[in-house]
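Asks: So TrEMBL has the following annotated:
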SIGNAL    1-21  signal peptide
DOMAIN    127-210  domain 'Ig-like'
TRANSMEM  227-245  transmembrane segment
């Protein structure tokens, strides 16, 4: 009686999963577990068979203590829980996105099949953050950042650091990018976070923005003095040059006599 009840529960689970078209999402390089939801305390399995494709290509089978992996495709990447029938697939690849069918046989010889739709996705790439504007305006540093991502259909959002009390504005997610405008105090380092997400994946990037005061500028009075000194030196050099060009010829001593130099 207990065994018949347990078998009935498995059948109910199978019908429920097939009606839902149970989908499982995994990510490239990681592991995923296809769970049968079988309670080993009330159900005792005698045979477990996992297969793919419509031609029932068996990838792993356990039959009364004998475990085999007859198909090369997942060789060395499968771990089977013989108590529940759960199947772990390791080191996922994109081409592992298939329909997986498990056939469970109990000690009462009743057989149930459950199907899983596995979808394997690439990891969501981190968004890029670029500084559009960073300038000191009247003792306040105005900051503008742009967050962008190459993939389409990704939602972008901004998150200021904890305790950030300055108002900020961010644009709607258009053309896979979003902008943020805000202000910070000079001589501060603020880290802004851009979050990217879709229905299954999340990724984020951070950008540390530093605002420094502009380099000290010379006062108008100092500039006037500097220009005056330069002009005076230039005038002095021109005067010396003109004096040398127009100076009278010097007398030349020849044989003890003083003669005027003659220009040929």
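Cβ atoms here come from the backbone N, Cα and C positions, even for glycine.
Caution: TrEMBL annotation is automatic and unverified by curators.
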Asks: Let me know the model's mean pLDDT on the domain 'Ig-like' (127-210).
Replies: 89
Asks: Is it possible to list how many residues within the domain 'Ig-like' (127-210) are helical, extended or coil according to DSSP?
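Replies: Grouping H, G, I as helix and E, B as strand yields 0 helix, 55 strand, 29 coil.
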